[in-house]
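Here's the structure, in C-alpha cells; my notes come after.
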Amino acid sequence: MSTDQTPVQAPQPPKDRKPVVIVDDVHVEYKVFATGKRPTAADRRSKVLRGRGKQMRTVHALKGVSFTAYEQDSIGVIGTNGSGKSTLMRAIVGLTPASRGAIYASSRPSLLGVGAALMKDLSGERNIILGGLAMGFSMDEIEASFDDIVAFSGLEKFIDLPMRAYSSGMTARLKFALASVQTHDILIVDEALAVGDRKFRARSEARIREIRDNAGTVFLVSHSMQSILDTCSRVIWLDQGTLVMDGDPEEVIDAYNEAQDK
Amino acid sequence: MTTAEDAARLGLHKVGGRPPLRDYVADVWRRRTFIYSMARFKIESENQQNSLGMLWVILKPLLNALVYGLIFGLLLPSNTRPPHFVEFLLIGVFVFEFFAQSWTAGGKSITNNASLVQSLAFPRMVLPLAAVTQRFLQFLPTVGIMLVFLLASGNRPQLHWLLIIPIFALYFVFSCGLALVTARLAAHWRDLNNFLPFLTRFFFYTTGIFFSVEERFGARDGHKGHPTIIKISDFQPIHEFLSLARSALLAGDSYTIDERYWLFAGTWSIGLFVFGVWFFWRAEERYGRVD
C-alpha cells in the first residue's frame, strides 16, 4: 500500500467559503489493556515472558492528520478497516482526545454511528422529542418538524414502539432523521447509512446534499464508493492513521481502488 | 500566524474545550423542558412494562413502609423510640428513599446514557438533573401518602405542615448537587456505582430512620450519652432534612428542633449545589469519551 508516499497536497482553499473544521496535525494514541498475545513456542521456552497477563499497549490510531473542512463541503472518508476513520470522526466530536495537535470546529457536531438507540426504553416518538430538546430546539419547533422527521424516517407504523424493538436499520433511520433536522451545522455519519435499505439510503443521500446546499458540512464514512460518489464533493483517504490523499472524489477513489486491488 | 490564532479569528472553538461556566449554565437552563420531559417519560416507560402500570408510583412506597413497619415496629422492639413511632418511621423511610434513589440514579446518569451522550451535542449536566427530577416526581405521591396517613392516624392538619414545601425544595437542590458530584466521579471511576448501594445502606442504618438519634445517644437518666455523635448528627445533612420534615409534620416535644437546622440544611443545599455545578462543568469535555 502506498502509505509511504508524500501526502497529496490538499485542494486550493476556496476563497468564498468559511472553514468550519480545522484538523491540525492530530495524533491519537490509545492506551489499552492487552490480554497478551497467545505465546508462541519460543515464548513458552523463555522464562522471561511466562505469566504475563494484562499489559498496557499503545495503539497509535492517528498519526498526524491535517485538513480543513469548509462550509458546503461534504467529505467522504474512506480507508480499510482499522485505518482510523472512526477515530478521526470521534476526535472531531471530542469523544476521543487528541494526544497531540488540535481540532477546531464552529460548533459541536452530532455524530451518527451504527449502534445503540438513543434511549432504548422510550418510544421512537419520545426519542424524537427528547433528542430535539437536547439539541436545543423548543417544544414548538419540535412539534412543527415532528411529522417531517417521522415521514423522513419512514417509521410511521412503529413510532409508538419502544426503540429496543427497532431493528438496527430502523434505529439508524430514526437517528439520521432526527440529527439531520439541523441543517446549518456539522453532521458526521459514520457507517450509519450502511444498515439502511436502498430506499432510505437514496433519501438520506438526498438529505446530505440538501444540508450541503444549506451551508452545512457533512462527513460521510462509508465503504460504499457509490454512496460517496453520489453525495460527496471531496474525499479523504486514510490508511493506518495517516492521510494518504485528499481531493476530488473520483481521483481519490480511483487511487484507493487501485491500491486495494494490488 | 499559528493555526490556533487562525481558528480563533474565524470563530472556531477548540474541540474538547468547554464553554465558559456562565454560558454553560444558561445552556442548561434553556434545556429545562428536556430535564422535565425526560424525567416524566422515564417514569412512564419504567411503569409501562408492569401490568399495574402507574399504580406502582404509589404501591412501591406503601410496600416499603409495610416492610419496614413490620421489621422495626414489631420484630425489633427498642427503647429508643419517640412517640408516634409509626409516623416517625414512615416519614423517615419515605424521605430517605428519595435521597437514596436520586443518589444512585444520579451516579449512573452519564454512564447509562452513553449512547445519547455520544450521538448528540448538548450540555451533559441535564442528565444528572433529569435523573434527580425523575426521582423527585416519584417522591411527590409518597408525600401525599404520608399526609393521608397522618390524617388517618388522627393527626390534625396544621398550618406548619406547609413548611415541608421549602424543606423538600431544599432537599431537591441538595440531591441535585450530590448527583452532579457523583455523576462526574462515576464517569471517571465507574466502580463508584458499585459502592453506592453500600454507602446508601450505611446512611440508612446510621441516620436515625427507625430510631431517634437524640434518644439513643442523647443525655438522659444521669447518663451523659455520646455528645460527639449528637454533634456529628447535627451537621449530617440527611439527619437535618429528616428532623426538619418530622418537626414540620409531627407534634410533641421530641419533635421540636434546633432552629439552626434551617441554616445548616440551607447551607448544605446551596453549597453542594453550587460546588456540584462547578465540579461537573470542569469535566464537561470528558463525558462519553472513549479513551
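Glycine too: its Cβ is placed from the backbone N, Cα and C atoms.
Unlike curated records, TrEMBL annotations are generated automatically.
Per TrEMBL, domain 'ABC transmembrane type-2' is recorded for B:52-283. The annotation transmembrane segment is assigned in TrEMBL to B:54-76, B:88-106, B:126-152, B:159-183, B:195-213, B:261-281.
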With a Cβ cut-off under 8 Å, give me the same-chain residues at least six positions beyond the ends of the transmembrane segment (B:261-281) that come close to it. 18, 21, 24-25, 124-125, 128, 167, 170-171, 173-174, 176-181, 183-184, 234-235, 237, 240-241, 243-244
Do the transmembrane segment (B:54-76) and the transmembrane segment (B:126-152) come together with 3 or more C-beta pairs under 8 Å, pairs six or more apart in sequence? yes
Would you mind listing the long-range same-chain contacts of the transmembrane segment (B:159-183), meaning Cβ under 8 Å and 6+ residues beyond its ends? 95, 98-99, 102-103, 105-107, 109-110, 125, 127-129, 131-132, 135-136, 139, 143, 147, 192, 196, 237, 241, 244-245, 248-249, 265-266, 268-277, 279-280
